[in-house]
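Q: Here you go, one structure.
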Amino acid sequence: MADGNGLPAGAASGGMEAGQTVNGAGSASPTPTSSSGAGASGSANQGYHQLSVTIEEASLRNNGFLKPNPYVELLIDSKSKRKTDLVKNSYLPKWNEEFTVLITPNSTLHFKVLDHSSFRKDAMLGERIINLAHILQHYNGRCEFLELTIDLFVTSKSDNRQTKSGELVAILNGLKLDMSKLQIQPVAGQQNGNPPVQAVNPSVVSDAAAGRSCMIYGGVRARMRLRSSSGNSNGGETRSPLPNGGGDHRRSTQAPPVWEQQQQQSQNQQQPLRMVNGSGAAVPQTAPYPQQPPAPALARPLTQVYGALPENTQPAAVYLPAGGGAAVGPPGVAGPPIEQPGVGLPVSQSTDPQLQTQPADDEPLPAGWEIRLDQYGRRYYVDHNTRSTYWEKPTPLPPGWEIRKDGRGRVYYVDHNTRKTTWQRPNSERLMHFQHWQGQRAHVVSQGNQRYLYSQQQQQPTAVTAQVTQDDEDALGPLPDGWEKKIQSDNRVYFVNHKNRTTQWEDPRTQGQEVSLINEGPLPPGWEIRYTAAGERFFVDHNTRRTTFEDPRPGAPKGAKGVYGVPRAYERSFRWKLSQFRYLCQSNALPSHIKITVTRQTLFEDSYHQIMRLPAYELRRRLYIIFRGEEGLDYGGVSREWFFLLSHEVLNPMYCLFEYANKNNYSLQINPASYVNPDHLQYFKFIGRFIAMALYHGRFIYSGFTMPFYKRMLNKKLTIKDIETIDPEFYNSLIWVKDNNIDECGLELWFSVDFEVLGQIIHHELKENGEKERVTEENKEEYITLMTEWRMTRGIEQQTKTFLEGFNEVVPLEWLKYFDERELELILCGMQDVDVEDWQRNTIYRHYNRNSKQVVWFWQFVRETDNEKRARLLQFVTGTCRVPVGGFAELMGSNGPQRFCIEKVGKETWLPRSHTCFNRLDLPPYKSYDQLVEKLTFAIEETEGFCQE
């Protein structure tokens with residue numbers, strides 16, 4: 001008959017006499033104790049008892065430059081104090097010191113890990129208070145070789161929060177109490193923020209005794225160690241320092257004794273046998289994947305296997321009776337009831353007499369298979385057909401499966417149902433679990449896709465590639481040739497262009513339109529709508545037999561602009577073009593950086609000399625701009641201001657290198673009179689390099705060029721329409737010649753032209769002997785073409801060629817092939833119009849909020865000022881007066897996109913400051929709106945320069 005501890009009456013645990021405990025070294029030493037057995041009186045149980053506490057090691061978090069000198073202080077009921085020796089300069093201290101203390105069943109153990117210092121008070125590295133009653137309840141009053149892994153916490157002085165600082169390993173030993181005779185005081189809640197513990201069934205003792213780590217309550221893990229006659233109780237374990245995330249990172253560097261390996265490995269193989277020893281019943285534990293089974297060998301009797309065990313360790317002998325499949329312990333040893341395994345052990349052709357006594361199996365092994373036991377008593381299966389071994393019992397292959405061998409003789413399995421292969425032998429249970437997981441995964445993915453997109457009425461299951469039906473055809477008409485409409489599993493419609501093998505969300509029939517065709521008015525008489533192969537809409541005028549992309553209906557919208565400042569119809573392609581260009585720039589970037597030191601007074605000359613003396617490829621490195629006399633650090637803001645100021649200088653018409661297009665157009669073009677400067681070609685080469693650097697590094701210039709100039713950069717053919725933007729009078733003259741019969745007018749036009757540069761008349765022949773050939777009605781088209789080409793290039797051929805050479809040295813002109821002239825202007829100059837609503841929507845605040853009065857006054861000031869002052873304010877904060885093509889949401893900082901920021905800094909007497917590298921405005925807490933306007937206006941108009949804060 002067994003008592004409450006699961007031991008036979010009159011027998012001591014592990015074959016030792018009552019009153020003996022095992023110390024940390026594993027040797028038996030007679031230690032007097034009042035808890036000598038389960039038969040102790042109730043009064044003795046309620047009195048003081050001896051407990052052996054071994055402080056083994058700790059793993060502390062690495063959070064400083066200097067390593068600590070840790071030691072452990074143990075307090076029992078806040079009275080009795082014990083200390084370990086200190087370990088110098090270590091985050092992984094090991095003490096292995098044992099203390100014998102007097103405790104009651106309701107005692108508290110307070111573990112403190114402190115950092116010793118000779119010059120200051122010892123600092124707390126972590127602490128934890130443990131209520132012994134919780135452990136006794138969990139382990140049915142037994143603390144024998146009980147390893148505790150305790151999470152240590154430290155309290156922050158700033159916010160009084162507790163954070164994990166490490167782990168401590170301690171061993172409790174030598175305590176056995178009868179829980180039925182104890183009076184455990186109820187605990188309202190665990191200290192240090194731990195939740196109250198719940199009563200645990202005493203049957204869990206067997207689980208812990210098997211060596212498994214068992215969570216008692218939050219942050220305290222416990223397990224019963226197996227007894228050892230040699231070696232330290234920690235089993236040669238080593239610890240690595242805790243990472244920031246905490247957690248236990250333990251690994252064994254020394255193999256445990258044979259009897260411990262037998263105990264642990266038998267758990268990993270899900271062996272349906274219960275091993276019973278003196279410390280409790282061992283329950284097998286399932287491992288996800290066992291080790292590779294040993295090669296086939298002669299099975300040894302179990303008595304031979306356990307013959308080498310030490311005398312003080314009870315072997316986990318196994319008896320297989322002929323009448324049942326359950327394993328029982330040796331005579332005289334009691335244990336928990338053993339469940340009958342689901343499948344019996346099959347009888348094989350083994351010569352081992354122990355295996356011959358096993359019961360017959362309901363499902364015999366397949367032909368050529370054999371069951372054996374290894375030296376640790378673990379079952380494995382031998383396949384003599386393939387000369388391989390397995391831990392798992394072989395079962396017939398599921399329907400549709402086949403076993404094969406590859407060229408190297410390795411066995412694999414073929415699933416003809418799904419046309420897949422696997423190295424793992426399939427069974428029905430594993431396939432069922434996999435199919436269940438697939439179904440759950442598909443359901444979760446479907447629910448996640450439909451959560452925020454559509455209503456319940458629209459969430460109907462649809463095939464991923466469902467074809468469009470007749471019901472889907474609406475008033476928009478059929479899709480263009482080569483297009484197809486499909487539907488996703490979440491009912492979202494997309495369109496496939498089979499000609500270029502692309503997909504898109506937009507309907508090609510309505511792409512780029514502000515409203516649908518249903519709401520648009522009728523076309524004028526003789527007009528028709530058609531679509532190109534790419535799905536782009538155009539209009540056919542049958543009256544004049546012409547086509548156009550512009551809607552002829554009066555008041556028809558030309559298409560709303562997207563976030564990139566281009567029509568929405570082209571926004572998708574422009575975004576792709578821009579990403580392709582940025583990819584080319586990044587993939588050809590060079591490491592390190594180049595320094596360019598300039599002064600504000602001689603900005604043009606300093607920049608010219610430093611850029612021209614460098615090889616062109618060096619200009620692709622990251623720029624580090626330094627203004628002499630200013631201590632600013634260039635994280636992007638200084639270089640933005642350098643590009644802004646230098647572009648204002650080099651494109652200044654006062655230098656006679658460029659000129660305005662006309663009186664009403666302030667776009668720039670090359671000045672034909674630039675030859676008055678003898679070094680003008682070198683300057684144009686420098687400007688070409690500079691403009692290419694702006695494109696390459698993603699910076700904006702102050703002002704842009706004419707559209708014909710951008711077309712020359714893109715190597716596009718110029719037309720008569722391009723003259724209209726730079727010389728409207730000349731354009732009107734050519735149009736008159738084109739539309740009228742010049743033979744009747746007698747204009748006396750010849751294929752030659754004269755023009756004046758700086759008072760000098762220059763004669764130019766449009767073609768050979770052009771001054772002798774008259775323009776007639778028959779050859780006037782040739783005349784208009786030659787005249788257009790001459791007007792766009794007159795006097796600037798060499799300058800344009802040199803400019804493009806300098807540009808091509810830094811950025812190959814082939815990289816610009818993605819863009820048209822308007823897109824090139826957009827990425828070079830940005831957007832000049834400032835959208836205040838977009839600005840305010842993409843602004844963040846620090847120590848302010850959107851309702852702070854200073855913030856409200858700031859936006860009032862922005863709205864009341866004109867565009868020029870807004871641009872000055874933007875240039876003051878960001879380094880440039882232009883807005884990126886994506887709006888204020890794409891303002892760039894030092895490490896990528898960084899939004900406009902307003903931060904509360906300083907006193908009301910201070911001027912506003914800016915951090916151009918981070919797009920941040922330091923706005924002091926002014927007391928009135930007038931004061932804010934005065935200080936802000938003075939800052940953006942009267943100040944310049946950088947400094948370090």
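Here the Cβ of each residue, glycine as well, is placed from N, Cα and C on the backbone.
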Q: Among 1-45, 496-540, 766-810, indicate the range for which Swiss-Prot gives the feature region 'Disordered'.
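A: Swiss-Prot lists region 'Disordered' for residues 1-45.
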Q: Between the candidate ranges 330-366, 404-440, where does Swiss-Prot place the region 'Disordered' annotation?
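A: Matching range for region 'Disordered': 330-366.
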Q: Counting by DSSP, what is the helix, strand and coil composition of the domain 'WW 1' (363-396)?
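A: Secondary-structure breakdown of the domain 'WW 1' (363-396): 0 helix, 13 strand, 21 coil.
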Q: Please spell out the DSSP helix, strand and coil residue counts for the domain 'C2' (30-146).
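A: So the counts come to 12 helix, 55 strand, 50 coil.
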Q: Going by DSSP assignments with H, G and I as helix and E and B as strand, what are the residue counts for the domain 'WW 3' (477-510)?
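A: Tallying H, G and I as helix, E and B as strand, the rest coil: 0 helix, 13 strand, 21 coil.
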Q: Check for me, if you would, whether the domain 'WW 4' (521-554) reaches the domain 'WW 3' (477-510) - at least 3 Cβ pairs under 8 Å, residues 6 or more apart in sequence.
A: yes
Q: Hey, what's the Cβ neighbour count for C917 (active site, glycyl thioester intermediate) at 10 Å?
A: 23
